[in-house]
Amino acid sequence: MRNLRLIIHREYLARIRNRTFIVMTFLSPLIFVGMILLIAYLSMLNSTEQKIIGIHDDSGMFASEFKDTKNVQYLDYSGRDLADARQEVLTNEYFGLIHISSAPGEKTNVEFFGKDTPGFGTIENIEKTISDKLTREQLIDKGIDVSEIDKARAKVNIDIQNFAGERSSKMSNYIKMFFGGAAGYLLMMFIIIYGNMVMRSVIEEKTNRIIEIIVSSVKPIQLLLGKVVGTSLAGITQFVIWVLLGTVLLFGISSFLGIDPLAAQTPASTVVDQVPQPEINQLMVDILNLPYASLITFFFIYFISGYFLYSAIYAAIGAAVDSETDTQQFMFPIILPLILGIYVGFFSVVENPHGTVSTIFSIIPLTSPIVMLMRIPFGVPWWEILISIVVLIGTNIAVLWISAKIYRVGILMYGKKPTYKEIYKWLKY
Amino acid sequence: MENLLVAENIYKRFGNFTALNNVSINIPRESIFGLLGPNGAGKTTFLRIINQITMPDEGRVYLDGKPLHQDDIVHIGYLPEERGLYKSMKVGEQALYLARLKGLSKAEARERLKFWFRKLEIEDWWDKKIQELSKGMAQKVQFVITVLHRPKLLIFDEPFSGFDPVNANLIKDEIIQLKEEGATILFSTHRMESVEELCDYIALIHKSNKLLDGKVSEIKKEYKSNTFEVGLDAIDEATLRQELETRFQVGPARFKSIQDDLKLSIKIGENETSNELIQFLLSRARINHFVEVIPSVNDIFIKTVTQNA
C-alpha cells in the first residue's frame, strides 16, 4: 500500500509537471471559450443585421399583412410603377422586392427580385403570410366565420406520466438526453485522453529502461494500478481546472466584450422561447426531479470502472510495444467499442432508451459504461443495472489480470515488434 | 548458516524455450559470486527470479534460510543490465523516490543520499534532470540507488558492460568495499577479466544448464593440469629437449623474459610433484623461470563449454 501511494504520487506529479500538460490545461479553456464567443459573436452579427424588403402588391390585399420584425422591415411600393420600384430597391441596396400580381378572382402569382437568393426562412415567411391571408379570404368568401375557426383551434400537449404517477414532459426527455449524452461523451473523451497518457507513460518507462529497476522494488500490478490512478487524478485536476477556468473566462470575457454566450445556442433558445410558461415550470420541476443521487452514484461507478477497463488495456498495449508508432495496430480494438458506444447512445438510446439494441449494448462491458450512462436518466430497471455492473466489474477483473500478465512480460521485452499471437503466448508465461 | 542465498532446482520455460533447466546455486555469505555464461545462457532470467521479477516454474529460492518472500526486496539491491532513469525527473527527487520504494523513510533516504553524493563528489547534481547528465554520470546515480538501502544481497547484471572504464573501476572498488562491509555480491558477466579480479565463487551457466560451480581456487585446482612453464639456459638445447620429451609431455611456451631462454611448457605425471621436475632440470640447465600454469577462468569457461557442446 505504501508503495502504491508513492507510485500514485510520483505519477501524478510527473503528469502535472509535464510541459504539454500544463500548456494544454491553460490553453484549452482559452481556445474553447474563444470558439464559443466567436460563434456567439457571429450569430449576434447575423441577428442584428436588418433587411429591408420592398413590396409591390397589385391586389392591395397583402401589403398590410407583412409586419415589420426585428430583422426585417417592409416598404410598401404598391401603386408605383413596377420598374421604378425595382430600380429604387436596387439603387438603395435593399434586400429585395416582392411582387404580388393578382387581381381578385385570379390565381395569385408571387415574384421575388433580389441580388442574393433569400434564405429558407425568408421564403417560408413570405409564402406563409400570403397563403394565410389567401386562405382566410377564401374562407370568408365561402361564408365561413374565421373567428369561429380560431376559437376552435385546439392545442394538444400530451401529459406524460409513468405508472407511478410521476409526470414528465417532452422537454424533460431533452434534458435527460443532455445529461446522459454529456456523461457518455465525457467518459469517452476522458478514456481517450488519459488512457493514451497511461500508455505513453508505460512506453516512456520502457524506453528509459527504468522499468526493471522499478519492478525489482514493486509488483508490476502495483505499478500498473499506481499509473492508472495517478494519471486519472491528474486528469480530474485538469478537468476541474478546465471547468473553473472555462466558466470564469466565458463569463468574464463575454461581459467585458458585451457578447451574450447564450446566443451561440440560438436554436435551443428559440425552442425555449416558444415553450409556454406552464411547460417551463414543468421543465424546472423535471430538472429538479431528476434522480440525482442515483445519477451521480452510477456516474461514478460507470466512469471509474469504464476508465479502469480501458486504461488497463492501454497500459498493456504500452507494455507490449517499444515505441508509440507501434501502437497503431492495437488502437482499433479500443477505439471501435468507444465509437460504437457513442453511436448507439446518440442514435439508439435517444430513439428508444429501453429498446433491444440499447439494452444489449448497455450490458456488453466495453460499451456499457457509455451506453448505460446515457440510459440511466431515462430510468433503467435496477436488475439491468445490476447485471451490467456485475458484467463490467467481472470484465474489469479479467482484463486487469490479463493486462498485468501482458504487462509483466511486455515491460521486459525489447526490440520485438509484437503480434497478437506473440502477446497471446505471453499469457502463458 | 553459511549460505545467504540458496536456489534449488530452478526451472523456467518461456513457451517451448527452456531458459533455466534444473539450476541450483548456493551463494555463501559475504562473498563475491560470479555468474558466468555466454550471452543468452539464462543468467538474466536467474537474476530476475531472485529479484522476484519473474517467477520460476519449479524450484525454490531461500534467502537467509527462509523461502524468498515479497518483502525481501528490501534486502536486495539490483542493478539490471537494462538500466535507466526517468529522464525528466530531477536526480535527487528520483533517487529519493526509488529509495523510498525500497522501504527507506524520506529523511533516512535523504541523509544517506547526501552521504553518497558527497562521497562520489556529485553533490551539485541534486537538482539536475537526468537528461542533462552524461551517460557515465547517470550510471553513478544508478549505482548509488542500488546500494543505498544497504541490502544484504547486491545483484549486478553485467555491471561493467555499460560503464565507461573510469566508472567500471569505481564500481569495482565499491564492490570490494561493500563486501568488506558485510554485503554479499552476486554479479553476472561474460567478461572473464573481472571475474579473476573479484570473484570468490563462480557458477557457469551454459544453454540453460549449470555446468560448474564452486570456489574459484578449488575449481582452478581441479582444472590445473600439472603443467609448468620453464625458461632454461642450457648449452645444448636440442639434446635437453629430447631428454625432456622422453620423460615428460613437452610443448612450446610463450612468456616475457629478458633472457634468451629455451621456453617450454612441461606437463608432469599425475603422481609427480614439481620438485621432481626441478631436480631433473637442475643438473641439466640453469632455471631462469619456473611457474605452475594455473588455468584462467577464461580457459575453464571455454573448456567446459566446448566439452558440453
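Here the Cβ of each residue, glycine as well, is placed from N, Cα and C on the backbone.
Features reported for this protein in TrEMBL:
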- A:20-404: domain 'ABC-2 type transporter transmembrane' (DOMAIN)
- A:21-42: transmembrane segment (TRANSMEM)
- A:177-198: transmembrane segment (TRANSMEM)
- A:239-259: transmembrane segment (TRANSMEM)
- A:290-310: transmembrane segment (TRANSMEM)
- A:330-350: transmembrane segment (TRANSMEM)
- A:357-376: transmembrane segment (TRANSMEM)
- A:382-404: transmembrane segment (TRANSMEM)
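A contact between the transmembrane segment (A:382-404) and the transmembrane segment (A:177-198) is absent, since fewer than 3 of their C-beta pairs, 6 or more residues apart, lie under 8 Å. It is A:239-259 that, among the stretches A:177-198, A:239-259, A:290-310, A:330-350, A:357-376, forms the most Cβ pairs under 8 Å with the transmembrane segment (A:21-42).
Taking Cβ pairs closer than 8 Å, the transmembrane segment (A:330-350) reaches residues 177, 180-181, 184-185, 188, 191-192, 195, 310, 313-314, 317, 320-321, 357-358, 361, 364, 366-371, 374-375, 378 in its own chain, all 6 or more past its ends. Tertiary neighbourhood of the transmembrane segment (A:290-310): same-chain residues 175-176, 179, 183, 186-187, 190-191, 194-195, 228, 232, 334, 338, 365-366, 368-370, 372-373, 376-377, 379, 385, 389, 392-393, 395-396, 399-400, selected by CB-CB distance under 8 Å and a gap of 6+ residues from either end.
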